[in-house]
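The next block holds one structure in the form of C-alpha coordinates; read it before the comments.
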Amino acid sequence: MAYALPLHQHGKSKVRLGRVWRDGNIHHMVEWNVDTMIESDMEHAFVKGENTGMTATDTQKNTVYVVAQRMSQKCTVEQFAIALAQHFVRTYPLVSKAKIYVEQKPWNRMQIGGLPHDHGYALAGTEMRTVYVTYDKAGKLDVTAGLKELSLLKTTQSGYEGFLRDEYTVLPEVNDRIMASTVTCTWKYTTQPSCYDAAFSAAKSGLLDAFLGPAKSGVYSPSVQYTLYNMAKNLLDRVPQAESVFLNMPNLHFIPVNPVGSKFNNDVYVATSEPHGNIEAVVTRRGMMPHAKL
(Lines of atoms letter the chains of each structure in order from A and count residues from 1; the text may use other names and numbers.)
(Lines give C-alpha, C1' and ligand atoms only; values in the text may rest on other atoms or scores of the structure.)
Protein backbone atom coordinates (compact mmCIF):
# COMPACT_ATOMS: atom_id res chain seq x y z
CA MET A 1 0.00 0.00 0.00
CA ALA A 2 1.30 3.48 -0.89
CA TYR A 3 1.29 6.30 1.65
CA ALA A 4 1.67 10.09 1.42
CA LEU A 5 2.60 12.84 3.86
CA PRO A 6 0.84 15.92 2.47
CA LEU A 7 1.13 18.07 5.60
CA HIS A 8 3.49 18.23 8.53
CA GLN A 9 4.94 20.80 10.94
CA HIS A 10 6.54 20.97 14.37
CA GLY A 11 6.99 23.60 17.04
CA LYS A 12 7.03 24.55 20.71
CA SER A 13 4.04 25.59 22.80
CA LYS A 14 3.56 27.63 25.97
CA VAL A 15 6.96 29.33 26.02
CA ARG A 16 6.54 31.93 28.75
CA LEU A 17 8.60 35.09 28.45
CA GLY A 18 9.03 38.29 30.44
CA ARG A 19 10.82 41.23 28.82
CA VAL A 20 11.86 44.49 30.50
CA TRP A 21 13.24 47.56 28.73
CA ARG A 22 14.94 50.05 31.05
CA ASP A 23 14.74 53.68 29.95
CA GLY A 24 16.60 55.35 32.79
CA ASN A 25 14.38 55.03 35.84
CA ILE A 26 11.34 54.20 33.70
CA HIS A 27 10.93 50.45 33.11
CA HIS A 28 8.65 48.96 30.45
CA MET A 29 7.54 45.36 31.02
CA VAL A 30 5.58 42.74 29.05
CA GLU A 31 4.78 39.07 29.63
CA TRP A 32 4.19 36.89 26.56
CA ASN A 33 3.10 33.29 26.10
CA VAL A 34 4.59 32.12 22.79
CA ASP A 35 3.76 29.22 20.46
CA THR A 36 6.08 28.52 17.53
CA MET A 37 5.38 26.26 14.56
CA ILE A 38 7.49 25.73 11.45
CA GLU A 39 6.87 24.06 8.13
CA SER A 40 10.08 22.53 6.78
CA ASP A 41 11.55 20.00 4.37
CA MET A 42 11.60 17.30 7.02
CA GLU A 43 9.63 14.48 5.42
CA HIS A 44 12.60 12.18 6.05
CA ALA A 45 12.11 12.55 9.82
CA PHE A 46 8.60 11.13 9.52
CA VAL A 47 9.13 8.41 6.92
CA LYS A 48 12.75 7.38 7.52
CA GLY A 49 13.40 8.35 11.13
CA GLU A 50 16.25 10.67 10.09
CA ASN A 51 16.51 14.01 11.89
CA THR A 52 19.19 15.62 9.69
CA GLY A 53 18.60 19.36 9.31
CA MET A 54 15.72 19.53 11.79
CA THR A 55 15.27 22.69 13.84
CA ALA A 56 14.50 21.05 17.18
CA THR A 57 11.59 22.30 19.23
CA ASP A 58 14.03 22.99 22.07
CA THR A 59 16.00 25.21 19.67
CA GLN A 60 12.77 27.04 18.87
CA LYS A 61 12.14 27.59 22.58
CA ASN A 62 15.66 28.98 23.10
CA THR A 63 15.28 31.24 20.08
CA VAL A 64 12.23 32.91 21.63
CA TYR A 65 14.46 34.32 24.39
CA VAL A 66 17.31 35.19 22.01
CA VAL A 67 15.08 37.20 19.69
CA ALA A 68 13.41 38.90 22.68
CA GLN A 69 16.79 40.11 23.90
CA ARG A 70 17.70 41.34 20.42
CA MET A 71 14.64 43.61 20.45
CA SER A 72 16.71 46.36 22.05
CA GLN A 73 13.96 48.97 21.80
CA LYS A 74 10.52 48.62 23.37
CA CYS A 75 8.35 46.82 20.84
CA THR A 76 4.79 45.61 20.38
CA VAL A 77 3.78 41.97 20.51
CA GLU A 78 3.23 42.13 16.74
CA GLN A 79 6.76 43.40 16.08
CA PHE A 80 8.23 40.64 18.24
CA ALA A 81 6.22 37.90 16.52
CA ILE A 82 7.27 39.19 13.09
CA ALA A 83 10.95 39.25 14.09
CA LEU A 84 10.72 35.70 15.47
CA ALA A 85 9.00 34.33 12.35
CA GLN A 86 11.50 36.00 10.05
CA HIS A 87 14.40 34.63 12.09
CA PHE A 88 13.29 31.03 11.63
CA VAL A 89 12.74 31.36 7.87
CA ARG A 90 15.90 33.35 7.18
CA THR A 91 18.19 31.30 9.44
CA TYR A 92 17.31 27.68 8.62
CA PRO A 93 17.55 26.52 4.98
CA LEU A 94 14.94 23.75 5.32
CA VAL A 95 12.30 25.98 6.92
CA SER A 96 9.75 27.21 4.38
CA LYS A 97 7.25 28.91 6.69
CA ALA A 98 7.05 30.03 10.32
CA LYS A 99 3.84 30.50 12.30
CA ILE A 100 3.96 32.41 15.57
CA TYR A 101 1.10 32.86 18.04
CA VAL A 102 1.56 35.08 21.11
CA GLU A 103 -0.70 36.06 23.99
CA GLN A 104 0.13 39.14 26.04
CA LYS A 105 -0.79 39.15 29.71
CA PRO A 106 -2.55 42.38 30.86
CA TRP A 107 0.15 43.95 33.04
CA ASN A 108 -0.60 47.68 33.30
CA ARG A 109 1.54 50.39 34.86
CA MET A 110 0.30 51.36 38.33
CA GLN A 111 -0.82 54.84 39.29
CA ILE A 112 0.34 55.93 42.76
CA GLY A 113 -0.84 59.29 44.08
CA GLY A 114 -2.07 60.17 40.61
CA LEU A 115 1.33 59.53 39.03
CA PRO A 116 2.48 56.61 36.84
CA HIS A 117 4.85 54.37 38.80
CA ASP A 118 8.37 54.05 37.32
CA HIS A 119 8.48 50.27 37.59
CA GLY A 120 5.28 49.04 39.31
CA TYR A 121 2.64 47.00 37.46
CA ALA A 122 -0.65 45.27 38.27
CA LEU A 123 -2.75 42.80 36.33
CA ALA A 124 -5.81 44.41 34.76
CA GLY A 125 -8.47 41.72 34.55
CA THR A 126 -8.37 38.67 32.30
CA GLU A 127 -8.31 40.22 28.83
CA MET A 128 -5.29 39.26 26.71
CA ARG A 129 -3.96 40.80 23.53
CA THR A 130 -3.09 38.23 20.84
CA VAL A 131 -1.27 38.02 17.54
CA TYR A 132 -0.80 35.32 14.91
CA VAL A 133 1.98 35.89 12.38
CA THR A 134 3.02 33.81 9.37
CA TYR A 135 6.08 34.41 7.20
CA ASP A 136 7.41 32.29 4.34
CA LYS A 137 10.42 31.93 2.04
CA ALA A 138 8.77 34.14 -0.58
CA GLY A 139 8.66 36.96 1.97
CA LYS A 140 4.88 36.86 2.38
CA LEU A 141 3.90 38.27 5.76
CA ASP A 142 0.44 37.92 7.31
CA VAL A 143 -0.45 39.51 10.65
CA THR A 144 -3.68 38.79 12.50
CA ALA A 145 -4.11 40.78 15.71
CA GLY A 146 -6.73 40.17 18.35
CA LEU A 147 -7.90 39.92 21.92
CA LYS A 148 -9.51 37.23 24.06
CA GLU A 149 -11.37 37.02 27.37
CA LEU A 150 -12.66 40.58 27.12
CA SER A 151 -15.55 40.49 29.62
CA LEU A 152 -18.36 42.93 28.84
CA LEU A 153 -21.75 43.50 30.50
CA LYS A 154 -24.57 46.01 30.44
CA THR A 155 -27.56 45.88 32.79
CA THR A 156 -30.17 47.13 30.32
CA GLN A 157 -30.65 48.19 26.68
CA SER A 158 -30.85 44.57 25.56
CA GLY A 159 -33.70 42.29 24.57
CA TYR A 160 -34.62 39.20 22.55
CA GLU A 161 -37.97 38.94 20.78
CA GLY A 162 -39.56 37.54 17.63
CA PHE A 163 -37.67 34.25 17.50
CA LEU A 164 -39.22 30.99 16.30
CA ARG A 165 -41.47 29.28 18.80
CA ASP A 166 -42.51 25.61 18.79
CA GLU A 167 -43.29 22.84 21.27
CA TYR A 168 -39.68 22.90 22.51
CA THR A 169 -39.55 26.65 23.22
CA VAL A 170 -40.11 27.93 26.74
CA LEU A 171 -37.87 31.00 26.63
CA PRO A 172 -39.93 34.16 27.26
CA GLU A 173 -39.55 37.19 25.04
CA VAL A 174 -37.95 40.18 26.80
CA ASN A 175 -37.07 43.75 25.91
CA ASP A 176 -35.06 44.57 29.04
CA ARG A 177 -32.36 42.17 30.22
CA ILE A 178 -28.72 41.95 31.23
CA MET A 179 -26.38 41.33 28.30
CA ALA A 180 -22.98 39.81 29.09
CA SER A 181 -20.25 38.13 27.09
CA THR A 182 -16.61 37.16 27.13
CA VAL A 183 -15.40 38.32 23.73
CA THR A 184 -12.79 36.75 21.48
CA CYS A 185 -11.91 38.83 18.43
CA THR A 186 -9.26 38.67 15.71
CA TRP A 187 -8.68 40.94 12.73
CA LYS A 188 -6.33 40.48 9.78
CA TYR A 189 -4.36 43.36 8.36
CA THR A 190 -4.24 43.93 4.59
CA THR A 191 -1.40 46.40 5.09
CA GLN A 192 0.62 46.88 8.24
CA PRO A 193 -0.30 49.90 10.39
CA SER A 194 2.39 52.42 11.21
CA CYS A 195 1.71 51.83 14.91
CA TYR A 196 0.34 48.48 16.10
CA ASP A 197 -0.51 49.89 19.54
CA ALA A 198 -2.63 52.65 18.02
CA ALA A 199 -4.37 50.19 15.71
CA PHE A 200 -5.11 47.86 18.64
CA SER A 201 -6.52 50.73 20.72
CA ALA A 202 -8.72 51.84 17.81
CA ALA A 203 -9.98 48.28 17.29
CA LYS A 204 -10.81 47.78 20.96
CA SER A 205 -12.56 51.14 21.29
CA GLY A 206 -14.64 50.26 18.23
CA LEU A 207 -15.75 47.02 19.86
CA LEU A 208 -16.58 48.70 23.19
CA ASP A 209 -18.47 51.61 21.65
CA ALA A 210 -20.69 49.30 19.58
CA PHE A 211 -21.44 47.03 22.55
CA LEU A 212 -22.09 49.74 25.16
CA GLY A 213 -23.20 52.80 23.20
CA PRO A 214 -22.99 56.40 24.52
CA ALA A 215 -22.23 56.79 28.23
CA LYS A 216 -25.55 58.41 29.18
CA SER A 217 -27.96 56.52 26.94
CA GLY A 218 -26.33 53.30 25.78
CA VAL A 219 -27.51 51.54 22.61
CA TYR A 220 -30.26 48.95 22.30
CA SER A 221 -29.34 45.40 21.31
CA PRO A 222 -32.13 43.23 19.87
CA SER A 223 -29.77 40.22 19.84
CA VAL A 224 -26.15 39.25 20.35
CA GLN A 225 -26.00 38.66 16.60
CA TYR A 226 -26.92 42.26 15.80
CA THR A 227 -24.46 43.66 18.33
CA LEU A 228 -21.67 41.38 17.10
CA TYR A 229 -22.15 42.57 13.51
CA ASN A 230 -22.06 46.21 14.55
CA MET A 231 -18.95 45.64 16.67
CA ALA A 232 -17.15 44.18 13.65
CA LYS A 233 -18.30 47.03 11.39
CA ASN A 234 -17.09 49.57 13.93
CA LEU A 235 -13.68 47.91 14.07
CA LEU A 236 -13.34 47.95 10.26
CA ASP A 237 -14.37 51.62 10.18
CA ARG A 238 -11.72 52.59 12.73
CA VAL A 239 -8.85 50.39 11.52
CA PRO A 240 -8.49 50.97 7.76
CA GLN A 241 -5.67 48.42 7.51
CA ALA A 242 -7.98 45.58 8.67
CA GLU A 243 -9.82 43.51 6.05
CA SER A 244 -11.57 40.76 8.02
CA VAL A 245 -12.89 40.44 11.58
CA PHE A 246 -13.77 37.27 13.51
CA LEU A 247 -15.88 37.52 16.66
CA ASN A 248 -16.94 34.84 19.13
CA MET A 249 -19.43 36.00 21.78
CA PRO A 250 -20.93 33.57 24.29
CA ASN A 251 -24.24 34.81 25.65
CA LEU A 252 -23.73 34.61 29.42
CA HIS A 253 -27.08 34.45 31.16
CA PHE A 254 -28.24 36.33 34.25
CA ILE A 255 -31.56 34.72 35.19
CA PRO A 256 -34.16 36.82 37.06
CA VAL A 257 -34.96 35.59 40.58
CA ASN A 258 -38.09 35.95 42.70
CA PRO A 259 -36.61 36.14 46.22
CA VAL A 260 -38.55 34.26 48.91
CA GLY A 261 -41.47 36.40 50.03
CA SER A 262 -40.94 38.94 47.27
CA LYS A 263 -40.82 39.27 43.49
CA PHE A 264 -38.30 40.17 40.82
CA ASN A 265 -37.93 43.92 40.39
CA ASN A 266 -35.07 44.15 37.89
CA ASP A 267 -32.71 43.68 40.79
CA VAL A 268 -31.73 40.09 41.71
CA TYR A 269 -30.38 37.46 39.30
CA VAL A 270 -28.77 34.04 39.26
CA ALA A 271 -25.38 34.59 37.65
CA THR A 272 -24.48 31.68 35.34
CA SER A 273 -21.58 30.73 33.08
CA GLU A 274 -23.02 27.56 31.54
CA PRO A 275 -24.85 26.43 29.61
CA HIS A 276 -24.62 29.54 27.46
CA GLY A 277 -25.45 30.61 23.95
CA ASN A 278 -22.52 30.85 21.55
CA ILE A 279 -22.59 33.28 18.63
CA GLU A 280 -19.78 33.84 16.14
CA ALA A 281 -19.27 35.32 12.69
CA VAL A 282 -16.70 36.69 10.26
CA VAL A 283 -17.30 40.16 8.81
CA THR A 284 -15.18 41.44 5.94
CA ARG A 285 -14.90 44.41 3.68
CA ARG A 286 -16.85 43.71 0.51
CA GLY A 287 -14.83 41.51 -1.84
CA MET A 288 -12.28 40.42 0.78
CA MET A 289 -11.80 36.82 1.86
CA PRO A 290 -12.56 35.79 5.47
CA HIS A 291 -9.41 35.06 7.45
CA ALA A 292 -11.03 32.52 9.79
CA LYS A 293 -13.24 29.46 9.51
CA LEU A 294 -16.24 28.82 11.73
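Note: Cβ is positioned from N, Cα and C throughout, glycine not excepted.
Curation plays no part in TrEMBL annotations; they are all automatic predictions.
The active site, charge relay system annotation in TrEMBL covers LYS12 (among others). The Cβ neighbour count for LYS12 (active site, charge relay system), using a 10 Å radius over every protein chain in view, is 19.
Here TrEMBL flags THR57, ASN251 as O2 binding site. Under a cutoff of 8 A between CB atoms, and with a sequence separation of 6+ in the same chain, the neighbours of THR57 (O2 binding site) are HIS10, GLY11, LYS12, THR36.
Residues or ranges marked as 5-hydroxyisourate binding site by TrEMBL: THR57, VAL224, GLN225, ASN251. Taking Cβ-Cβ distances under 8 Å and a sequence gap of 6 or more within the same chain, the neighbours of VAL224 (5-hydroxyisourate binding site) are MET179, SER181, MET249, ASN251, GLY277, ILE279.
TrEMBL lists THR57, ASP58, ARG177, VAL224, GLN225, ASN251 with the feature urate binding site.
Per TrEMBL, the feature active site, charge relay system maps to THR57 (among others).
Summarising the annotation, TrEMBL assigns active site, charge relay system to HIS253 (among others).
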Cβ packing number for GLN225 (5-hydroxyisourate binding site), 10 Å threshold: 16
Pairwise CA distance, GLN225 (5-hydroxyisourate binding site) versus ASP58 (urate binding site), rounded so that it is a whole Å: 43
ASN251 (O2 binding site), number of other Cβ atoms within 10 Å: 16
Inter-residue C-alpha distance, ARG177 (urate binding site) and HIS253 (active site, charge relay system) (nearest angstrom): 9
